[in-house]
Amino acid sequence: MDKDTKIYIAGHRGLVGSAIWKNLESKGYTNLIGRTHEELDLMDGGKVKAFFDAEWPEIVVVAAAYVGGIKANNTYRADFIFRNLGIQQNVIGESFRHGVKKLLFLGSTCIYPRDAHQPIAETELLQGPLEYTNEPYAIAKIAGLKLCESFNLQYGTNYMAVMPTNLYGPGDNFDLETSHVLPAMLRKMHLAKALMENNWAVIREDLDRRAIHGVTGTAGENEILYLFKKQGILPDALELWGTGKPIREFLWSEDMADASVFVLENIDFKDTYQEGETEIRNCHINIGSGVETTIAQLAQLIAEKVGYKGEIRFNPNLPDGTMRKLTNVSKLHSLGWKHTVELDAGIERLYAWYLNS
Ligand SMILES: NC(=O)C1=CN([C@@H]2O[C@H](COP(=O)(O)OP(=O)(O)OC[C@H]3O[C@@H](n4cnc5c(N)ncnc54)[C@H](OP(=O)(O)O)[C@@H]3O)[C@@H](O)[C@H]2O)C=CC1
Ligand SMILES: C[C@H]1O[C@H](OP(=O)(O)OP(=O)(O)OC[C@H]2O[C@@H](n3cnc4c(=O)[nH]c(N)nc43)[C@H](O)[C@@H]2O)[C@@H](O)[C@@H](O)C1=O
């Protein structure tokens, strides 16, 4: 990859896409292109073709996707499969038609079976049933990686896929209904602390910056209290989802971006297997920290960082999702990349970012 190679980052305003853009810029890449969702709807095949006809990128990163936490995945099941299949079909398809030299597809570790052997190696793919709460999304992501692998095997392309663990970082989604657990907990603890301290200035400021269901800081106290109750934010306690027993692994989004650029710069499809080694020639690499924590432990850690001292309860009537999801990162480590930001420091950094944005 030369520094003036034309690189298209689909989803360059998202959590990971924006971090990949920043990482490439910091490494001296000068010819980056991106389009917002408003400028180019990747579900529109005609417009995606017109974009590729005009731009002819040499490298493509597919970081655009319809993304969300457990509740969003379980609720908008049709959107998760339909939109993700559409986006990746259009972007990977046009990349192929336009002779893109290298493509990086971002999947997710939810592609692996619900009861996969832990830590989960790349070879666990398609070895058992998926977790039902995110099955439509996982099937779309599996299709994306198989699309890459199949183009590689049939047409000799150089498409790679990376499977990140749960991510968090600057620009995260803090919407309490659709977000992932870490940003959701951070915001809930911030609001629960303010409520416990009767600090309405903090609550109103937060809602002004990020309205919840259209409720802003100008709403009446009763309306806000009603909204908070529905979100489990109570004057003396915070009620979180599930049992608190599931185990997750978290990776700072800028580490994820660095790993993605590392794969783009250093790993080709031919490096992911040895001739004759196996009949299966998957092109995916796990990206994670290899460090796990229970959701209950995560809640304690975030409470400590935010300074929330109230009771933390779990509501077992809400879904837990996969009970354990720890990636085996030995392939990534052996290729030469390791994460740098530990969870403790990452939460502090994200909270500082949250308070200032
Ligand atoms: N966040 C996480 O914890 C994890 C993420 N991943 C994967 O990493 C990748 C990036 O995720 P992340 O950065 O978190 O997601 P974000 O939601 O932050 O970013 C996704 C981006 O894609 C854009 N996008 C979505 N639909 C369209 C469309 N139809 N046309 C054009 N642009 C579109 C979004 O724009 P807009 O918001 O305007 O719609 C947004 O900028 C995804 O493939 C995701 O599956 C994998 C594992 C964990
Ligand atoms: C990245 C990954 O992300 C999703 O899978 P997930 O890890 O199950 O999602 P999550 O981050 O939303 O939850 C993790 C755990 O945390 C618990 N939990 C507690 N309290 C809150 C809470 O307040 N909000 C949320 N969101 N979760 C909570 C929740 O019940 C669950 O046990 C899929 O998109 C999947 O497809 C995917 O790829």
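Every residue gets a Cβ built from N, Cα and C, even glycine.
As recorded in TrEMBL:
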ACT_SITE  Tyr137  active site, proton donor/acceptor
BINDING   11-17, 106-109, Lys141, 164-167, His180  NADP(+) binding site
BINDING   Lys188, Trp241, Arg248, Asp320  substrate binding site
DOMAIN    7-195  domain 'NAD-dependent epimerase/dehydratase'
DOMAIN    237-272  domain 'NAD-dependent epimerase/dehydratase'
SITE      Ser108  site 'Important for catalytic activity'
SITE      Cys110  site 'Important for catalytic activity'
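Relative to Ser108 (NADP(+) binding site), the recorded positions with Cα atoms inside 10 Å are Tyr137, the candidates having been Tyr137, Lys188, Arg248. With respect to ligand 2, the binding-site residues Gly11, Gly14, Leu167 contribute no residue with a C-beta closer than 6 angstroms to one of its atoms. Comparing C-alpha positions, Pro164 (NADP(+) binding site) sits nearest to Cys110 among the recorded positions Cys110, Tyr137, Trp241. Annotation: Tyr137 are the recorded positions among Gly17, Tyr137, Asp320 whose CA atoms are within 10 angstroms of the CA of Cys110 (site 'Important for catalytic activity'). The average pLDDT for the domain 'NAD-dependent epimerase/dehydratase' (237-272) in the predicted structure is 95. Spanning the residues Lys188, Trp241, Arg248, Asp320 that the record associates with binding substrate, the maximal Cα-Cα distance equals 19 Å. Helix first, then strand, then coil: DSSP counts for the domain 'NAD-dependent epimerase/dehydratase' (237-272) stand at 18 helix, 10 strand, 8 coil. In this structure, the binding-site residues that sit close to ligand 1, with a C-beta under 6 angstroms from any of its atoms, are Gly11, Pro164, Leu167, chosen from Gly11, Pro164, Leu167, Lys188, Trp241.
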